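Student: Dropping the structure in here first, questions after.
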Amino acid sequence: MEICLFPATLQSWTGDVLMVGMFEGKMEERLNELETLCKGSLMQSLEKQMFKGKSGEIATVQLLQNKPNLLVLVGLGEPQEMRLDDLRKAAALGAKASLGCSGTLGMMLPWEPLDAASAARAVAEAVRLSLYKDLRFRSAPEPRSTPTKLELIGLPDSAGKDLQAVHPTCAGVELARQLVAAPANSLTPAALAQTAIQLAHEHGLECSVLERSDCAEREMGAYLAVSQGSDLEPKFIHLTYRPQGPVQRRLALVGKGLTFDSGGYNLKVGAAQIDLMKFDMGGSAAVLGAARAIAELRPKGVEVHVIVAACENMVNGSAVHPGDLVRASNGTTIEINNTDAEGRLTLADALVYTCGLEPDAIVDLATLTGACVIALGEEIAGLWTGHDPLAEGLTAAAEAAGEGLWRMPLPSSYREGLKSNLADLKNTGPRPGGSITAALFLKEFVEASIPWAHIDIAGTVWSEKGRGLNPSGATGYGVRTLVNWICSQS
């Protein structure tokens, strides 16, 4: 889809579908302007549809003239409550109403209260991402028409300075959605590694994959313990973006890569949603999606390392037992008191490996705890870090992306819950504060001198019903936040 600005007036626009945002109680002037397009039928149509401009309301009017042939009005609510995310939601509604149109979609929104460039990028991303549909596994997908061009009406040319980032970023989100949505018999650890290799080949990145024997040589006992219950080989992925010219910052992204999580001998039952545990590699999807975007955007001065310890957590005669002791690659011994707390074990060795790269900052993303979902729900991810500048940078990046992120406490006193009578640590603490003790467990495997942040995306990785610009299913959460954060370091 081509994206461009249309600085001229609404009356001179001649596309196929016109979407206009309307404030509640402030519609009269705009409706009078639109009335000429509808040849007197607009007010009557809106009365029938009971459109008042409330947030989330939508009305459609078929026009008798050739261009445009469909008018879409989307309610924005009260003008004083206007935020960038309201534009995203309105644009997503308008885009979905344009399905069936293969021509030009025009959007007229109240740009002025907000930064024009930020608003243009937010709306363009919302349109592309809301039109996404995964048809890879359909035997006979139905034909589907979407707009081939998006014109943002009433914006000056200067507002287009960030539009070049839209398609690379959205392509990264769509890759993440595809990876998360793929069933576990399709997206195996080997398939995830192949995705990274293909990204490297197509986008000028570097990629290395460590096999089981390589990981054993590095004494990654925690990671390999999780993998030993599966017939599928683990794959430890290291993908690297190197900028042209001198490197000023070296950043590392670590993504949890459990392509399926049965829970192990602490088998997932009841409300544990074992049928959805294909999405337990959502962290790896986010960091690979971000790598895909960064490879095309090519920020200067920033080197980015993407690390994924991919495997399955399954049950067989070789699977790790509850109560087993393992040794991580930094020498820390761990008592596994719950085999369903496996993600932190794989991340432990991944974080130790990443520290060896001497990065200036590490950010890990993981579908780690149900406790985070209980605390923050399905629209906000949790952020744990002891480094204020890193927290501020990630929070600002998430806000600009429209992805919910909330900083959570990391009190050292909660580490008491991880003490073991046999080993240095247990892999789970008491049920209260479970997301905090999970973050504290990970902290044990990060060198104190390296700024580190942990983002728990257990609630945000998947949307059962769909919301805003996210379809039902995989959301691709985290890609846009990571891309914004990395580019801000350039």
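Heads up, the Cβ atoms here are built off N, Cα and C, so glycines get one too.
Relevant sequence annotations retrieved from Swiss-Prot are reproduced here:
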| type | residues | note |
| --- | --- | --- |
| BINDING | K256, D261, D280, E342 | Mn(2+) 2 binding site |
| BINDING | D261, D340, E342 | Mn(2+) 1 binding site |
| ACT_SITE | K268 | active site |
| ACT_SITE | R344 | active site |
Student: So around the Mn(2+) 2 site, K256, D261, D280, E342 aside, which residues have their CB within 8 A of the centroid of those CB atoms?
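Tutor: So the extra residues in range turn out to be V226, G257, L258, M277, M281, N313, G343, T346, A366, T367.
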Student: Hey, of K256, D261, K268, D280, which of those recorded positions are within 10 Å of R344 (active site), Cα to Cα?
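Tutor: Hits: K256.
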Student: Using the Cβ centroid of D261, D340, E342 as the reference point for the Mn(2+) 1 site, which residues of the same chain not in that list have Cβ within 8 Å?
Tutor: V226, L258, S262, G263, G264, N266, K268, M277, D280, N313, T339, A341, G343
Student: Determine the Cβ neighbour count for R344 (active site): the number of other Cβ atoms within 10 Å of its Cβ.
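Tutor: Counting Cβ neighbours of R344 (active site) within 10 Å gives 26.
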Student: Between the recorded positions K256, K268, whose Cβ has more other Cβ atoms within 10 Å than any of the rest?
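Tutor: The most densely surrounded of these recorded positions is K256.
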Student: Between the Cα atoms of D340 (Mn(2+) 1 binding site) and K256 (Mn(2+) 2 binding site), what distance do you get, rounded to the nearest Å?
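Tutor: K256 (Mn(2+) 2 binding site) has its Cα 14 Å from the Cα of D340 (Mn(2+) 1 binding site).
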Student: Could you tell me which three-state DSSP class K268 (active site) falls into?
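Tutor: For K268 (active site) - judged by DSSP and reduced to three states - the answer is coil.
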Student: For K256 (Mn(2+) 2 binding site), which of the three DSSP-derived states applies: helix, strand, or coil?
Tutor: strand
Student: Whole-number Å distance between the CA of D280 (Mn(2+) 2 binding site) and the CA of K268 (active site)?
Tutor: 13
Student: State the count of C-beta atoms found within 10 angstroms of the C-beta of D261 (Mn(2+) 2 binding site), not counting that atom itself.
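Tutor: D261 (Mn(2+) 2 binding site): 27 neighbouring Cβ atoms within 10 Å.
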Student: What's the number of neighbouring CB atoms sitting within 10 A of the CB on E342 (Mn(2+) 2 binding site)?
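Tutor: So the number of other Cβ atoms within 10 Å of E342 (Mn(2+) 2 binding site) is 29.
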Student: Within a 10 Å radius around the Cβ, which one of these binding-site residues has the most neighbouring Cβ atoms: D280, D340?
Tutor: D280
Student: Give the distance between the Cα atoms of E342 (Mn(2+) 2 binding site) and K268 (active site), rounded to the nearest whole Å.
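Tutor: Cα-Cα, rounded: 12 Å.
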